[in-house]
Amino acid sequence: MADKFRFRLFDILKAYYQGSLKEDYFQDSAEKRLYRKIYFETFRHLGFIEKSLGKLYSHAPEADARAALALGACQILFMNDIPEYAAVNESVSLVPQSKRSFVNAVLRNLARRKAELMKDYNIRQDFPEWFVIKWEKRLGAEVDLFLSDLNTKPSFYSVDPATMNIEKAEGEADGYIMDLASYSVARLAGNIDPMSILDCCAAPGGKTFVLSHTYPDSRVFAVEKNRKRYEQLKAVTADYKNVDCVCADILELQTEAEFDLVLLDAPCTALGTIKRHPEVRWLRKNRDIADCSRRQKEMLEKAAQFTGKGSTMIYSVCSLEQEETTDVIEGFLKANPEFSLVPPVCDDRFKHGNYFMSLPYKCDADGFFAAVLKKK
Ligand SMILES: C[S@@+](CC[C@H](N)C(=O)[O-])C[C@H]1O[C@@H](n2cnc3c(N)ncnc32)[C@H](O)[C@@H]1O
């Protein structure tokens, strides 16, 4: 048994119940595959798992027992290829001696009552209530399709750096692996000929890669605030001849320079990446959306200062929440009449009026929003 991964998974769940989990996930590899699968399935179904376990005890136990119960319950309820006794024994072995009989009893009871409990299963229970309510308002009856898709495997795409063609990556692929929407966002300005490009929030460098190869005659300035992520960005772009990396806070950047193309891929709730990061739905609260929205508005004002006359600015986020998307752009356009919205250059399936929007269940891509703004 790969103890290292078992305990790592247990620690992640424990941190979640202790309220200290930021973002974490298992990178794919043959070695870790089973644990990565348990990780995904647990966070996908945590709402239902919690509800089912809640029927079997009177008081929620401490974080360690809760984590062990959630991992065991996920395997019993949703992973039929794992024998129930193995799921129970593994969870029991994760907790201290004093809690073993409790974990054992609850999981055995859950296994006995599986059929009865599963009768209540509904995709909506796999998501926080506020998220379901918001999306039902937007999509009506299609909300179930949207939610079901979010609980399926994300797609990977491969970009050929020589041609910049992108195609779905099945199994091993040679090119640069990235998401289709993320790739498309960096190309929304279309066939322009920029001499200088500013990539305001660049790490880990996916869109820097696309900008640098789509516009090989331009100079790309890739800015990243976080030192660790900046180092990652530098490593990723080391071979790109036209990229300069800068470790700085874009909000504090003092320069008279104006750029022909500015990309602000702003920090956001990342709620559009739930397929890749199933835990995100449980980590975000409604108030996080408002906090992100405020910061995005401030960053967009700043990015606009670096946009030259007649130049283009792209605003993007990997979220589809109204507060982080259309609200930000509408407010910005009202305050900055020298900017106007122009149609994005992209596949028709991504077009929502003059906005770019990739709904995962319709586009086979992460949920991204973008707007292309032109300065008079
Ligand atoms: C959505 S990620 C960018 C993803 C990147 N564009 C890509 O395609 O790979 C946002 C990044 O912005 C960085 N960031 C956040 N606030 C910043 C600021 N004020 N100035 C510069 N970078 C910032 C974060 O550390 C994070 O790496």
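Cβ atoms are placed via backbone N, Cα and C, with glycine included.
Database features (TrEMBL):
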type     : residues                                                   : note
ACT_SITE : C318                                                       : active site, nucleophile
BINDING  : C201, A202, A203, P204, G205, G206, K207, E224, D249, D265 : S-adenosyl-L-methionine binding site
DOMAIN   : 106-376                                                    : domain 'SAM-dependent MTase RsmB/NOP-type'
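Sequence features annotated in TrEMBL and their locations in the structure.
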residue	record	CB count, 10 Å
C201	S-adenosyl-L-methionine binding site	21
A203	S-adenosyl-L-methionine binding site	25
G205	S-adenosyl-L-methionine binding site	26
K207	S-adenosyl-L-methionine binding site	24
D249	S-adenosyl-L-methionine binding site	11
C318	active site, nucleophile	28
For the domain 'SAM-dependent MTase RsmB/NOP-type' (106-376), mean pLDDT (0 to 100): 96
Reduced DSSP assignment, K207 (S-adenosyl-L-methionine binding site): helix
Between D249 (S-adenosyl-L-methionine binding site) and the residue listed as 'active site, nucleophile', the C-alpha gap once rounded to whole angstrom: 20
Alpha-carbon spacing, C201 (S-adenosyl-L-methionine binding site) to C318 (active site, nucleophile), which is rounded to whole Å: 13
K207 (S-adenosyl-L-methionine binding site) and C318 (active site, nucleophile), distance between Cα atoms, whole Å: 12
